[in-house]
Every structure is written in C-alpha cells, then in structure tokens.
Amino acid sequence: MQTFNDVFALMPLMLVGATAVAIMVGIAWRRQHGATAIVTAVGLNLALLSLGWLSLLGIPGTAYFVLDGLTYMASVLILVSALACVTLAHDYLGGYSGAREEFYLLLLCAVGGGLALSASQHLATLFFALELMSMPLYGMLAYTYRDQRSLEAGLKYLILSAAGTAFLLFGMALLYAQSGRLDFEGLVTSMTSRGSLWTLAGVGLILVGLGFKLSIVPFHLWTPDVYEGGPGPAITFLATASKVAVFVVILRLILAAPAFQSGALEQVLVVLAFVSMLAGNLLALLQSNLKRLLGYSSIAHFGYLMVALVVGEGLAVETAGVYLISYLLTNLGAFGVVTLVSSPYKGEDAAALHHYRGLFWRRPYLAAVLTVSLLSLAGIPFTVGFIGKFYVIALGVEAAQWWLVVGVILGSAIGLFYYLRVMVTLYLVEPGMRRRDAVDAWGWHPSGLVVVGVVMLVVVLGIYPTPMIDWMHWVAAASR
Amino acid sequence: MTLLWLILIPFIGGLLSWQAERWGEQIPRWIALLTMVLVMVLTLGLWWTRDFNLPGDTATWALEWQRAWIPRFGISIHLALDGLSLVLIALTGFLGVLAVLCSWREINRRIGFFHLNLLWILGGVVGVFLAIDLFLFFLFWEMMLVPMFFLIALWGHSGSAGRTRIRAAIKFFIYTQASGLMMLVAILGLVFAHQAQTGSYSFSYEALLGTELSEPLANILMLGFFVAFAVKLPVVPFHGWLPDAHAQAPTAGSVDLAGILLKTAAYGLLRFALPFFPEASQNFAPVAMALGVVGVFYGAILACGQNDIKRLIAYTSISHMGFVLIGIYAGTPLALQGVIVLMVAHAFSAAALFILSGQLYERLHTRDMRKMGGLWGRLGSLPAFSLCFVAASLGLPGTANFVGEFMVLFGSFPVAPVMVVIACGGLVLAAVYSLFLMQRVHFGPPEDDSRLGGLDKREFAMMLFTLALVFWVGLYPQPLLDTTESVTNAVSVVFNETPSDRVAELAGGGR
C-alpha cells in the first residue's frame, strides 16, 4: 500500500514526464507544431487535475517528496504559468523558421524540475530537481540561437547558473560532512543540536546558490542581460515558474530550520532583502528596454518577498503565497504582452520602450492589459499586486521589522517612477517611427485570451481577494 | 444602497463615456455631465430628506451600509454618511459638474478617455469620503491617484524646460503614494495593536476608535497618518508636488485638485487622525499649527513672486490650507466649523480662479502674466468675474472665505492666541497677491487693443452660479453649519476631553 501511495504522490511529475516522452516520440515520427502544443497543454492540464485528486486523497508524500500545502500551491502556480507559456510559445514560434517542437520538450522538462523542486525535502532531490529545471532553461533561453542576444542569454545563464550550482553543492557537502544526513529533518535536528561554524557556512553557501536563481542582490548580475536576450516565452517561464519553485524550496528550508530565524543568518537575510529592494528599483529607473526593466523589477519583488523569509512565522507562509500568486499573475500579464507584441517571431523581441509608444491608440485593450499589469507591479489598489504588498507590509509591521518596512516603502516609491514612465509611454501620441505591433485581432488568438484572462484575474483578485486568501490560509495551515 | 450607488455612478458613467466616444464627440461630455448632475442631485436629495442636525455630542451616521469583504482580516465594505461627508460629497458633485463643463472646449483629443479619468477621480473621492473601513478608505485614497496621474500626464500643459507635464504627474504620484504607504503602515500598526488587545483583526473605524495605545506608539502612528494627509493638504515641507501639478494639469484637473483632492486630506485629519489619536494630536498641535502658520506665509509670499497665473493660484492654495491646518489642530467647535466653511469656500474660489485662468489660456494661449495686462475691457465680463473671485480669495467680508477664515481665527484664538495673531498677518499678504494678480492681468497698459472673445453662455453660467454660491455661503452660512455641527462637536469633544480625563485618572490613582 505504501508503494502505491508513493506512486500516486509522484503522479503530477509522472504525467509531465510522460507528456515529454510522448512529444519526443512524436517529433521523431512527424513534426507537427500545433499538435505538439496541444499535447503539451493536455499533459499539463492532466497534471493539474491529478493535483486536485491528490489533495483529496491526502497522501503525505514520500521520503524525498513532501505533499503539503506549499507543494500544492507551488505546483498549481508552476503548471498554470507553464500553460500560459505554452500558449504564448505557440503564437510566438509560429514565425520561427527553425525547429519549433523541441521548445515544448524543454519546457516540459523544466516544469517537471519545478514540480520536483517545490516538493523536495531532501538535498539530493533538491539538487536533482534544480538541475532538471535549469538545464532545459539554457536551451529555452538560447532557443532562437541565430539571434546573437538569445545565444548570449543562454550562455550567460548557463555559466552563472553553473557557478551558483557549485556553491550549492559545496554547501550541501559541508552540511553532509557535519551531520551525515541529507534529508531536511535530519539536517535540522543536527543543526539545532550542534550549530557549528561549518553548518553556518554550509547553509550560507546553499543560500548563495539559490540566491543566484532568484537573482537576489548581489547575485543578480545575470538578470537584465538574460531577460533582455531570451525569447519571450522562455523569459516568461524563467521569471514566473522557475522563481516560484526556487522560492518555495528556500521557504521550506527556512520553515524547517528555526536556526535561520536567529542570529547572524537573519541579519544577513535582512540585509539582502533590503539591498535587493533598493538596488532592483534603482537600477530599473533608467532602463529603456521593457524586458530589462521587468528583470530589475523582479529583483526588487524578490526583495519584498524575502520579508516572508526573514520573519518565517505567523503570517509568513500566507504572505509568501499571496505575494507569489500576485507576482506570478502580474508577470504573466506583463511578459505576455511583450511576447504578444513580438509574436510571431521576427528576430529580436520588441521590448524597447519606443515600440510601445502610443500603443493605447492602436491597441487599446492590449495597452490596458499592460497598464493593469504595471499598476499591479507597482502595488496600486484594485489590483492583486496591492494585496501582495499589503500582506508584506502587514507582515513587516507585525514582526516589527522596521528596516524592511522602510525598504518596502522606499522601494515602492522609487519603483513607481519607472512603472509610471512605461505607462505614460503607452498613452503618448505616436511619432512616425517604425514599430512592431501585435497581430490584428490578437484578442482572439489563444495567447491573447490567456493574457486577457490573467489580467482579469489580477483585477478580480484585487477587488475580491477572499478566495485567494482563504486558499493561502489553508496552505499555511497544511504546511506544518 | 444609496451610498454604494454614489460611488458606483461615477465609475459606471466613466466607462460609458469612454465607450460612447465612438458614437460622437459630444456624447461623452453629455454622459459625464449627466453623471455628475446625478451624483449632485442624489446628495442634495439626501440632504433634503435626512436629518443631519442630530442631537448630542456622539457621532452617529445618518446612513450606513455594510457588507463583509475580506473576513480573514475583519475587512468589510463599510460606507457611512454624516454631515461632514455629505457636505464634501455635494461639493464633489458640484465641482465635478464644473470640471466637465470647463473642459467642454479645452479638451479636444481622446475625449472619452479624458472623461473616464475625470469621473474615476470623482468616484474615488466620493469613496474616500464615504469609506469608514480603513482598508477601503486606503484603497480609494490610493486609487484616485491613477486617473489624476493620467489627467496631468496626457492632457496637461508642458511648461518651461524641465517642467514637463509628465514629470509633474510622476512627482505628484510619488509624493502621494509614498506618503500613502506610510499611512498604510500606521493603519496596520493600529490594527495589530487592536488585535493584541482584542484577539481579532478589524479595520472598522468604530472598533479601532477605542484602541488604547502606549504614548510612543500613538505618536508614531499619528505621524504616519499626519504625513499622508500633510502631503495631500499640503503642509509646507511636503508641498513640492503641488505647484507643478497645478500648473501642468488641464483646467479640469486643477479644479479637481484644488477643489476636492486637497479637501480629502483635511477630511482625513478630521475623521481619522484626531479621533484615533486625540492625545498624540493634542501634543502635536503646536507643531502642526506652527506648520500651518509657516504655510500661510510661505504660500502667500511665493504667490507674490510667480509669473505663471496657475502657479500663483496654486501657491495661494497652500496659504489657505495653512489656515485649515491651524483650525483643525485648534480643535474648538467654532474653529472646526470654520475649517469646513473655509474648505467649501476655498473650493469655490480656487476652482473658479482656475477655470478663469483656463478661459484666459484658451483666448491668449499663455499663462504668463508678463504677457498679459490691460485685459479689462477687452474680454467682456471675464475680468469682472476675476475681480469677484479674487476678492473672495482674499477673504473680503460678504464672501464665504471671510466667514471661514474669521471663524477659524476666532475659534483658534482662545487656544493659541500667538499663532492666530501671527497668522492674521497672512491676510494682509493675501490682499497683496490678489491685487497683484488683478493688476498684472487685467489692468495696466494693454498689449493690444483688439477685442478678444467674451464669455459664452456656458462659461457665463458656470461663473455666475459659483459666484452666487460664494455669496450665499458668505451671507447665510447657517445651513452649512447646522449640517456639520454634530460632527465638529464630536471631534472637538474627543480632541479636547482627553487630557482632563487623564488628569482625573491620575488623581484617582489610575494607571
């Protein structure tokens, strides 16, 4: 019986993996872009359904993968964002002359990695899942490799990610040397009983490694270039699903080990969070490329999210969940519009701000979608971004982390400047410059529907957040 | 439900007029006009049918509406109306009508979207005046910035180099948003303090009123609220956004800013800052009043040195709001009533002056007073109206402003005689800048002898009606005072009773 449960617990992962295999076989047989995208979407939807079924069964998980509230939340978010990426990719790759179908293969592998990462409670699975998620991302980022920037993005991410991984492995080795255990539970007990300098160093190195993936200052240097160069759908996945998965695993580590909450490590986290908030926003100020700008803004957003890591109790899990949802939806909206404007693929993405000048007067609804996304990123009321920011500030106030509260306020004030700058650009009267534009009737393309749907969700959850809050309340309760 | 509709009508009207642009240029204007008239009529209907002159010193709502919203934090959609909010909403409705009318000819591009923004500002303001759940209040408080931002950024006038409309709009937004977040922190601090005492979250005004706070905490939280309101009012060190925003905004934007948005700050102080933190506010009162006096002089002196007519009027707003601040922190019933009259009066006079300068701009295509002069006799009745409103703005007896300023100063005198004596000097400066304005724009040698277009019927009616209101409130302010009396009394009681209570408590061996 135990074994059956183990199999069930891996159901979403297996479904995603099976879809990947099916697609690989399909490619070998005959290339068919539309069918590949549909099969991918079906597979992801099945995985999503199996999650619901699992939560009804109430299986605790296996020794390597835990099935708790956090896992469910992260898995749903990853799958939803992957679905959005598939849809965006279908329209985007429509104009790509090279092989198109492999993109979905890579995407599915990365999704599998993300699902495993968010559920891992063992350093071995953590490492394996992280790599499973990162490796396909190199390929996805460099997918349009004839475009130099895309290739550069892929290589840059590869090198810096490998460096991050090295730190991570070294940290794990140190922890293992100290405790002889690799599962979180065993690590925690050994950490609390004998907290030595080596343990601290190990934990620190693990944080560095994961911090690379989250692009927390000072490990953020790859972010703007990779965001700028990578193709739209790949960046959308990188910015949303992969970050959610990594953040959840850090959160799980910190929740498991109360050692994080005291002493030097907490101070380090506070400083990192504060610096990320400010540096991310300051560096974004003068960007003239929307993708770079969103990259810097994501640094700042993970700075805000780190408030939940610093506090690590009370409302922390709920805050992290709400903020992740708001971050995910908002970024899907924003990157979705960028991808849509650049679809179908015609070389480098249309991400420079002048491409968006006067968008409102050509494509009012598309511009409205981007406006709402930007407002939500800035945390303006009646968008889900405000609910997220509300939670973060509430958490900071409750835990009396005044520096972080100050950081959030300062960061938001600075952030407004560039969000507003972009927003105004959308509404300015267009000059006669050459521009790229979304296809006509974009709203009836699948990706158009996805973007509109996501943004409607941003507004609806901003006005009536109760379902989201209730769900996160449940997640927080089910994560203990 | 009426209260909910008061908020929803402008929002729906805005959407309608946005979409109506495709059927014709004039339709959005008419829809917007009807929407605001509807809001005004609804408010006046409430005024007529409900009794706001409630007895007693306790604040009671004349009308209330509540629905659960986010139960996790005890947040509900809780709207309530009393005399204070009624007066301000009526004002919003009236100025909304004016704003729509004054942009009838000024705005020719993207008319539908313009009216969407205009009406959403007004809807947000009505929401601010009605919401008594702090979360909801904050939501509206922040939300109304967005359409205002668009109004300035898209339809504004670019001034001299370095003073573009976009820069002004962004400055306005950042000032108010950042200070707003401080208020959010203060609100959350209050909520958590309340939760620590009672064990449950609540954002309800009435629940939070009774929260007992330690003195340092109360001081900090009070400052959080104060800063947010001080930026919006504006109080002098926080006023940097105002002249730019006013000068660069289209006429309708300036009318809304000066007429209503500044009043939301005074409303916030009266409704939230004083009742939540009476002791802390009482301790802070000398500082606040001193800031008010500084504002009176600073605004007046800088107004004298302006060449841009809209910047001049903007600085006079700072000066007038200084009086409002003095009155609020004096806290006597008379001063508080004066504050309300002054707010109404200032809304009329400043809005009218902004509309007049907008009309001048339409005719002369400049706001630079150095290029004006000698307009009396060339513009029909416009200069005469200017004279009347300038006279109102400097507080000539017979106008509403006189009543307001007089009551504020008279009511504050027993509390802070020195401040009042100094502030009276500001009245002299008010006369100086007002006469400056008249002299430089309308008198002196004319540039040219050709006649410019006079006021058309729409413009004439707007001005005449506003002027009539200025005189009506100036000559017979009693209905206004009756409506708001119970509110001001309640605030004043809360604000003034506490210290003596504390003394009694100490004498009785409490604490």
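Keep in mind that glycine also has a Cβ here, set from the backbone N, Cα and C atoms.
Positions annotated as transmembrane segment by TrEMBL: A:6-29 (among others). Same-chain residues lying 6+ beyond the ends of the transmembrane segment (A:6-29) with a Cβ under 8 Å from its Cβ atoms: 35-36, 39-40, 42-44, 46-48, 50-51, 53-54, 57, 59, 61-62, 65, 67, 75, 79, 101-102, 104-105, 108-109, 111-112, 115-116.
Within the chain, the transmembrane segment (A:41-66) has long-range Cβ neighbours (under 8 A, six or more residues past its boundaries) at 5-6, 8-13, 15-16, 18-20, 22, 72, 75-76, 79-80, 82-83, 86-87, 108, 111, 115-116, 119-122, 124-125, 183, 252. Look at TrEMBL and you will find A:41-66 (among others) tagged as transmembrane segment.
Annotated domain 'NADH:quinone oxidoreductase/Mrp antiporter transmembrane' per TrEMBL: A:120-414, in sequence order.
If you look up TrEMBL, you'll see A:126-145 (among others) marked as transmembrane segment. Here the transmembrane segment (A:126-145) has long-range neighbours at 96, 98, 102-103, 105-107, 109-110, 112-117, 120, 151, 153-155, 157-158, 161, 165, 168-169, 172, 213, 226, 229-231, 233-235, 237-238, 242, 245-246, 249, 345, meaning same-chain residues at least 6 beyond its ends whose C-beta is under 8 angstroms from one of its own.
The transmembrane segment feature in TrEMBL is assigned to A:157-177 (among others).
According to TrEMBL, the transmembrane segment annotation covers A:197-222 (among others). Remote same-chain residues near the transmembrane segment (A:197-222) are listed as 130, 134, 156-157, 160-161, 163-175, 177-179, 190-191, 242-243, 246-247, 249-250, 253, 257, 259-260, 264-265, 268, 272-273, 275-276, 279-280, 295, 298-299, 302-303, 306 (criterion: CB distance under 8 Å, separation of at least six residues from the stretch ends).
The transmembrane segment feature in TrEMBL is assigned to A:234-255 (among others).
What TrEMBL lists as transmembrane segment is A:267-286 (among others).
Remote same-chain partners of the transmembrane segment (A:293-312), defined as residues 6 or more beyond its termini with a Cβ less than 8 Å from a stretch Cβ, comprise 214-217, 220, 223-224, 226-228, 239, 243, 247, 250-251, 254-255, 258, 260-261, 266, 269-270, 272-281, 283-284, 287, 319-320, 323-324, 327, 331, 334-335, 338, 377, 388-389, 392, 395-396, 398-399, 401, 404, 407-408, 411, 415, 418-419, 422. What TrEMBL lists as transmembrane segment is A:293-312 (among others).
Taken from TrEMBL, the feature transmembrane segment applies to A:324-345 (among others).
Under the heading transmembrane segment, TrEMBL lists A:365-388 (among others).
The annotation transmembrane segment is assigned in TrEMBL to A:400-420 (among others). For the transmembrane segment (A:400-420), the list of distant contacts is 270, 273-274, 277-278, 280-282, 284-287, 293, 297, 300, 303-304, 307, 310-311, 374-375, 377-379, 389, 392-393: same-chain residues at least six beyond its ends, Cβ to Cβ under 8 Å.
Cβ atoms under 8 Å from those of the transmembrane segment (A:441-464) belong to residues 83-84, 87-88, 90-92, 325-326, 329-330, 332-333, 336-337, 339-340, 343, 363, 365-366, 368-369, 372-373, 376, 381-387 of the same chain, restricted to positions at least 6 beyond its ends. The transmembrane segment annotation in TrEMBL covers A:441-464 (among others).
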Feature contact check the transmembrane segment (A:324-345) with the transmembrane segment (A:234-255), CB under 8 Å, 3 or more pairs: yes
Within-chain partners of the transmembrane segment (A:157-177) [C-beta distance under 8 Å, separation at least 6 from its ends]: 123, 127, 130-131, 134, 137-138, 141, 187, 198-199, 201-213, 219, 221-222, 226, 230
